[in-house]
Amino acid sequence: MEWSSESAAVRRHRGTAERREGEAAASHRQREASAQEDAKGVGRMWGKTENGGGSRVAKTALSEARTALALALYLLALRALVQLSLQRLVLSRTSGLQGEFDARQARDYLEHITAIGPRTTGSTENEILTVQYLLEQIKLIEAQSNSLHSISVDIQRPTGSFSIDFLGGFTSYYDNITNVVVKLEPRDGAESAILANCHFDSVANSPGASDDAVSCAVMLEVLRVMSASPEPMQHAVVFLFNGAEENVLQASHGFITQHPWASLIRAFINLEAAGVGGKELVFQTGPENPWLVQAYVSAAKHPFASVVAQEVFQSGIIPSDTDFRIYRDFGNIPGIDLAFIENGYIYHTKYDTADRILIDSIQRAGDNILAVLKHLATSDTLASSSEYRHGSMVFFDVLGLLVIAYPSRVGSIINYMVVMAVVLYLGKKLLRPKHRNANYMRDFLCGLGITFISWFTSLVTVLIIAVFISLIGQSLSWYNYFYIAVCLYGTATVAKIIFIHTLAKRFYYMNASDLYLGELFFDTSLFVHCAFLVALTYQGFCSAFMSAVWVVFPLLTKLCVYKDFKKHGAQGRFVALYLLGMFIPYLYGLYLIWAVFEMFTPILGRSGSEIPPDVVLASILAVCVMILSSYFITFIYLVNSTKKTILTLILVCAVTFLLVCSGAFFPYSSNPESPKPKRVFLQHVSRTFHNLEGSVVKRDSGIWINGFDYTGMSHVTPHIPEINDTIRAHCEEDAPLCGFPWYLPVHFLIRKNWYLPAPEVSPRNPAHFRLVSKEKMPWDSIKLTFEATGPSHMSFYVRTHKGSTLSQWSLGNGIPVTSRGGDYFVFYSHGLQASAWRFWIEVQVSEEQAEGMVTVAIAAHYLSGENKRSSQLDALKKKFPDWSFPSAWVSTYSLFVF
């Protein structure tokens with residue numbers, strides 16, 4: 001018993017000693033592990049518990065729900081600020097004051113012009129009625145003008161030709177078109193002038209209120225105010241009301257290359273439209289001549305300008321062009337290009353009416369144009385502007401309140417200074433012993449890889465969704481409801497980014513602390529934006545300033561909140577300070593993103609049948625999400641979980657996807673307040689094909705139907721069953737441009753079209769085309785001289801045969817320009833009256849062929865008057881649903897072989 005008792009005591013003593021030794025050993029092992037971990041990466045241990053466990057400290061983890069809600073509310077608040085700035089069209093009202101622009105008077109001009117109706121070049125409405133109205137108003141303005149000024153008026157009717165690298169390239173010829181030119185100058189005259197340009201013509205079947213009658217109305221009112229002003233002018237102001245811009249910039253070419261006043265012009269302001277109302281955006285300046293941007297910055301009362309828009313437009317991804325190109329390329333004159341960009345859904349449609357343009361839109365445009373023209377008319381720089389032709393400008397407005405502008409070379413210096421700051425910031429981290437020894441570089445590089453993987457996989461995901469939706473025939477479901485695109489593609493992108501980073505956090509960085517990872521991924525985002533800054537600056541893009549903004553403010557924010565972040569961890573105070581520091585880049589980012597979608601979304605409804613709009617929009621939206629989420633990635637590593645957020649995003653995306661697939665969202669709208677019509681072009685055409693002997697080998701007639709978006713006629717067929725795939729048009733392989741009367745060379749954009757059989761059309765003014773002469777030239781080429789007569793708009797097509805080349809012609813600069821696909825396209829128009837169009841082409845024949853050397857065709861387009869209509873065309877138009885806009889006219893097509 002005693003032995004047993006003694007043994008028990010010994011055992012208790014030994015057990016206690018063993019426990020103490022075990023605890024000491026465990027403590028020693030823990031310290032060793034901690035030391036080893038420190039050697040591996042002290043930074044990775046931020047926020048660890050005192051016992052060295054691997055779990056994250058609760059106090060450093062942000063609440064998932066609260067963080068997600070805070071970020072969502074933050075972005076919504078910024079979006080609300082952007083919307084507020086866009087709705088505030090004028091900063092101060094001056095309408096009605098003596099010597100100020102009066103929008104009510106300008107609206108009166110606008111309503112009178114649009115009341116005339118569609119104004120196509122060559123029509124009575126354009127060449128007589130509109131011109132008469134303009135001359136009447138100019139005469140009244142002249143009667144009220146101040147004796148300090150002199151007003152001269154000239155009606156120009158130029159004839160000319162040029163080639164243009166637009167829509168794949170083609171040549172333009174015009175005859176007897178109309179320009180109304182007004183010169184306002186000091187009584188003693190002036191040796192230099194500033195040009196203000198608008199166009200009063202419109203596309204067929206549209207009143208053209210925004211494009212471009214409102215600009216002409218603004219110019220009339222500016223002319224009235226300036227001519228009545230008691231303030232002396234140093235230079236002249238030439239107001240050009242051109243009557244053939246919609247004919248691919250013909251009237252501006254006629255003015256700048258032929259008018260005697262053109263030699264006075266030192267700079268210009270071009271007023272255009274790609275939408276209806278809203279703010280007019282400065283989207284092109286120069287080339288070079290930074291003094292022009294400075295003039296706008298100094299004078300404009302309601303600025304709205306962006307060098308980003310300029311570089312996007314000049315990249316060619318927007319299928320449009322303006323008179324700016326003509327003055328720049330053919331006149332070698334610098335200028336400013338402005339355009340209304342809001343509500344492009346009704347641009348070039350019957351809905352482009354005067355009542356849709358707000359009075360404040362007219363007021364702000366008038367205030368700006370008047371102020372800038374006054375500034376330039378008294379500028380010492382204008383007369384010797386060539387001396388100031390150096391470099392380009394970085395310019396951007398801040399919510400329409402002011403414009404910041406500086407030379408691009410200064411911008412490059414600033415950008416590289418910002419890059420150096422980032423290099424110092426990251427270099428300092430790498431030089432810290434704890435980071436050098438902790439494989440910070442490895443974690444950083446892995447973080448970059450994870451970020452790029454998340455972006456790539458998210459882009460692939462939304463593209464798969466977009467392609468699937470396109471294949472099942474549900475494209476453009478977001479066209480009438482843009483939030484559908486956000487709920488479908490935006491949520492998918494965000495969910496995939498969060499998912500990839502959550503996997504990295506759980507399986508790769510499982511032993512790293514939240515705070516360490518939060519800082520690490522801030523650094524990776526900073527580095528990515530810095531890399532973009534370097535690339536854009538090196539390539540000479542002025543829009544690199546945006547990347548600089550997305551580097552400077554986040555870096556300053558990080559430096560300001562770093563101590564608080566280290567001391568207190570990721571808490572509400574940190575989130576508030578962090579979001580406050582990101583205010584400027586995110587606000588301006590959303591501001592630009594709005595502009596991008598305001599321009600591109602309507603364009604995708606008229607971009608042709610070959611470009612899947614969902615793929616384009618999904619890509620743009622995914623890139624925007626990547627940019628906006630870049631500095632929010634850090635929160636993925638600071639929250640306690642992301643499960644609910646991912647599930648919510650997936651749920652929203654899945655529900656939207658199912659609704660889209662079921663056809664719940666119809667793309668188009670006939671809502672009178674905000675119509676978003678489907679564009680369809682109808683041409684009742686009679687075609688005649690001749691062989692080499694001149695005999696007719698084929699003759700047919702029908703209504704040629706082109707849908708200008710990716711959905712084709714799928715939504716129209718239920719309303720008009722006869723328009724179905726059984727009448728799909730077939731390409732005539734041996735004929736230029738597939739044997740159809742293309743108004744412009746957009747055949748590569750619209751390959752899906754329909755040909756509904758219909759009776760032959762017989763216009764009262766039929767087109768005539770004949771070979772005048774065929775001559776063999778001394779240099780072994782064949783010169784073919786042709787003569788054509790017909791309506792105000794015609795198209796001429798040429799295709800050379802094997803062994804033949806088109807060496808020269810009497811059009812443009814004499815050098816034939818091929819269109820996309822290898823054929824030659826000539827756009828012809830004339831004013832109210834014109835003589836026969838005579839021209840020649842010269843064909844070099846290296847090898848004679850039995851089928852001849854060249855095939856030519858001519859199409860006549862009847863865009864105005866009674867000739868534009870046919871009973872079959874009218875009957876078909878009536879069948880189209882009210883959510884569509886069918887633009888219709890009559891055409892003839894004749895093909896010949898020589």
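Using N, Cα and C of the backbone, Cβ positions are placed for all residues, glycine too.
Copied over from Swiss-Prot, here are the features:
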type	residues	note
MOD_RES	Met1	N-acetylmethionine
TRANSMEM	67-87	transmembrane segment
DISULFID	Cys198-Cys216	disulfide bond
SITE	Tyr347	site 'Transition state stabilizer'
TRANSMEM	394-414	transmembrane segment
TRANSMEM	452-472	transmembrane segment
TRANSMEM	481-501	transmembrane segment
TRANSMEM	516-538	transmembrane segment
TRANSMEM	543-562	transmembrane segment
TRANSMEM	574-594	transmembrane segment
TRANSMEM	616-636	transmembrane segment
TRANSMEM	646-666	transmembrane segment
Any contact, the transmembrane segment (616-636) to the transmembrane segment (481-501), with at least 3 Cβ pairs under 8 A: yes
Rounded to the nearest Å - Cα separation of Cys216 (disulfide bond) and Tyr347 (site 'Transition state stabilizer'): 17
Close approaches to the transmembrane segment (452-472) from elsewhere in its chain (Cβ under 8 angstroms; 6 or more beyond its ends): 488-489, 492-494, 496-497, 500-501, 612, 614-615, 617-619, 621-623, 625-626, 657, 660-661, 710
DSSP-derived class (H/G/I helix, E/B strand, else coil) of Tyr347 (site 'Transition state stabilizer'): coil
Same-chain residues near the transmembrane segment (646-666), Cβ under 8 Å, at least 6 residues beyond its ends: 465, 469, 472, 474, 477-478, 480-481, 484, 487-488, 491-492, 494-495, 498-499, 502, 715, 883
Which same-chain residues, if any, lie at least 6 apart from Tyr347 (site 'Transition state stabilizer') yet have Cβ under 8 Å of it: Ser210, Asp211, Ala273, Ala274, Gly275, Val276, Pro602
Cβ-Cβ distance under 8 Å to Cys198 (disulfide bond), same chain, at least six residues away: Asp212, Ser215, Cys216, Val218, Met219, Leu240, Phe241, Asn242, Leu271
Spatial neighbours of the transmembrane segment (543-562) far in sequence, C-beta under 8 Å, 6+ residues away: 307-308, 311, 394, 396, 411-412, 414-415, 418-419, 421-422, 425, 522, 525-526, 529-530, 532-533, 536-537, 574, 577-578, 580-585, 588-589, 592, 627, 630-631
Tertiary contacts of the transmembrane segment (574-594), as residues 6+ beyond its ends and Cβ separation under 8 Å: 62, 67, 70-71, 74-75, 78-79, 81-83, 85-86, 306, 308, 396, 398-399, 546, 549-550, 553-554, 556-558, 560-561, 564-565, 568, 624, 627-628, 631, 635
Number of other Cβ atoms within 10 Å of the Cβ of Cys216 (disulfide bond) across all protein chains: 27
